[in-house]
Structure formats: structure tokens, C-alpha cells
């Protein structure tokens, strides 16, 4: 199922009449990749800066927790509603606004004078990042088609893999150069020159489309219901200590009710002629539904790998932050190379490329778990280099190809909204996977670091295996549907 719209509605106002292609699309892609790198890097780079933050601001543990989790919370909350703003008002315009907001929030975080100040700045930074990412994906989908789109998403997948894995390495290097007392500030300040330069370039090359005016209605109740559901779902995962003496997981009981009310309202609002926050027709497209589910499960396994390995290397083996980052570099390298090369393959093979990648990621992480559960010592980083490289290659064949296939049947006018929903699922998966892996890691830590790392990585293996089952199920359903249609 596809929505058929005119080119004028797609939000691109500077295409050539001969080709229908925006002449600066590759420059726009480079800018989008840079912006995506900044926002995703800030998910992982701050992890190694926590001791420096604690020393510099005398921050309590609860504040340190919110420095990490607050970013993820607001990032996930705004993906859908602010992703729709790009569809409605023009993605180039919203890209520049959100990039400016992210840069300002980074500066505010860097000059923070108290733990509360830093937490608030991180909340703002997460919201700006959540606003920026759907514009990045929407612009890629809008500007590229066919093989070029696969190549573009392949490069974006490389950025995802590199930014996630290289964050601890870059953070450790910055702190080592700037010193423990103030090094954490430069983790945020590094975004300022990049953001300012990107804004100058964006003013010159970004498409100036006005978006789809039909999507400009304000679905206030829809935003409120979905926001409340996401808060109730994510808050217990990012604030596991609870609040007011009560366990925060009690909020989960409200999630089914709020989501049911949200779906009911969106149907009703759409029938009345309004522009709903989420066009529920998206979920009638099997490639989008299967792909979004697969992505959520994979991110639950993918992102939790780095958390448990970073803790294991630094606490269990007494690696420095820089050494821990270097030990994770093979995964980043493998992911970068395979992501960049996956564009042509996904155009020909579709979701089969994703399944191949899941197989590689599963084998790489499982082999890493087996080796670490049996090998203790300073050479652990070297011992795991090859399986992490294999896992990274597999990961690169999952993230960007899955993105390409999942959005392949989505009309460009809904690209920002569709990408926002998809990334919300990924953020939910990240929160669930990290909470599960870290919880099991620390629960089994009294039995030794070898036991803890084994259990933590097996959580990742389980989520990756579940993602593979979803991919296989889609192949079966698609094949049966094709046989039925042929018959």
C-alpha cells in the first residue's frame, strides 16, 4: 500500500525538472550524517565522563543516572510529534531549528555549575536530538530514490555504528587530554564548533520546501496520550530507584490503557477530518510493521552490548576509559565498512541482507560471551577483537538495510512521522535492553565478573535472536502472500 502524492507536496522545492532530483542532495546527506553523528554520539560518549562529572560538580549518583537517562527519555518522547513537524512545515527548516537547539543545549551542558543545571541541559539536549533525527531520516528518504537511497541509508547506518561504538573511545580521549576535573565539559563543548559550522552550511544548501499543509493540524490530545504512555513506559527503565518511596514500575500498569485511548482517539480524530499525530494506516504496511518491530528488538540487543562490555573492561579488568574504548573499536570498524557497502545489496536482496547481518551479529556476540566467560586477564580486549569485528560487520548489515526496507513503501510526505515512530521503537528497545542487561549483570556480579559478563551478553544474544525470528516470520508471510496472489 502506498500513498500517491504530487512532487509539490513532498517538501522539496529545488529539484531539477529533467531528473526530479535535488542538485545538492549529496551535500545535504553529508550534513545529515554529521548531525546524526552528533546526536547519537551523545548517547554513549557521556558514559565514560561520569566519574569526571562526579568529581567536577560533586554530583550524587541519582544526578549521574539522570545525566544518562534524561537524554534518552526526552529523545524518545519527542520523536513522533516533532518528527511530524518536519512533514508539515518543511524538513530543511526544522532541521536547522533543531540543530540550533541541540548546539545551544550542548553549550548549556558544558557550562553547567550544578548537577541540576546539567540534568536540565541534558533533558533539553535530548529533546533537540529527538527533534533532529526524524528530519535527518526524512530528508534522506525525500532526496534519494532507488539504489541511491540504499547507498544513503547505508552511509547513515555506518554513522550509527561508528557513533555508538566510538563514543567511549572519544570520551576517554577527551578526558585524558583535558583532565579529570574539567574534561567532562569538553565532551559537550566539542559539539559547538561542529554545530555552528553545520548551521552555516545548512543555510546555504538545505531544501526550502514548505511541507504538507494538510498535516499542520494540532492533535493536542494525541500528543498528550502518547507522551503519557511513553513516560509511563520509559521512566521505570531510566529511573530504577523509584520515587516517593514507591517502585516506578507501577507506572507500567497505565501503559495499555493509555495506548488504547490513544489508538481510539487517533481513529476518531482522523474520521473527523483532522490530521492525527500517527497515521495508523502505516501499520497496514507489512514491511513497515515487521521492520519496526525487528529494529526495536535489535536495538535492545545491540546497544546493551556496549554498556556491559564498558563496565566489564573498566571495573572487571581495570582498563582505563581509553583502553575500554579501544577494545570496542573492532565492532565500530566492522559496522562502518559493512554499512557503507550494504546499499547495493539491499536493493537486490531486501530483508535477506538483514537476516544475514543478524546471523553475523549473533555469532559475533555469542562468541564474545563464550571467550570472556572462559578468559580472564589483560588480553581480553585482544581475544575478543575478531568476534567483535564479525559482530560489527553483521550489525552494519542490519541497521541501514533494515531502515531502507522498512521505509521503502512509505510516501515521502509521511517520512518524518514514519521515521519518528520507528526511532521511538528503537529508543524503547534501547531502554529495555540496557535495563535488562545491566540488571542481570549487577545481579550476578557477586558470583564474579566472568559470570556477570556472560549473563549480560546473553541478554543481548536473546534480543538479537528474537529480531531474527521476526525477520524470518516476515519472509514466510511475504512468500505465502505472494503464492496466494499468484494463485
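Note: Cβ is positioned from N, Cα and C throughout, glycine not excepted.
Unlike curated records, TrEMBL annotations are generated automatically.
The domain 'Major facilitator superfamily (MFS) profile' annotation in TrEMBL covers 28-483. According to TrEMBL, the feature transmembrane segment maps to 28-50, 62-82, 94-113, 152-174, 186-206, 218-237, 288-313, 319-341, 353-373, 379-399, 428-445, 457-477 (among others).
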Chain residues outside the transmembrane segment (379-399) and at least six past its termini with a C-beta under 8 angstroms from it: 157-158, 160-161, 165, 295, 298, 302, 305, 313, 317, 319, 323, 326-328, 330-340, 342, 345, 353-354, 356-365, 367-368, 371-372, 467
Two-stretch contact, the transmembrane segment (353-373) and the transmembrane segment (186-206), at least three Cβ pairs under 8 Å: no
Contact ranking winner - 152-174, 288-313, 319-341, 457-477 against the transmembrane segment (428-445), Cβ under 8 Å: 288-313
Contact yes or no, the transmembrane segment (152-174) and the transmembrane segment (319-341), 3+ Cβ pairs under 8 Å, gap 6+: yes
The transmembrane segment (186-206) in contact with the transmembrane segment (62-82), cutoff 8 A, at least 3 CB pairs, sep 6+: no
Integer mean pLDDT for the domain 'Major facilitator superfamily (MFS) profile' (28-483): 84
Maximum Cβ pairs under 8 Å to the transmembrane segment (319-341) - stretch from the list 28-50, 94-113, 218-237: 28-50
When counting Cβ pairs under 8 Å to the transmembrane segment (288-313), the leader among 28-50, 94-113, 218-237: 28-50
Proximity of the transmembrane segment (94-113) to the transmembrane segment (28-50), 3+ C-beta pairs under 8 angstroms: yes
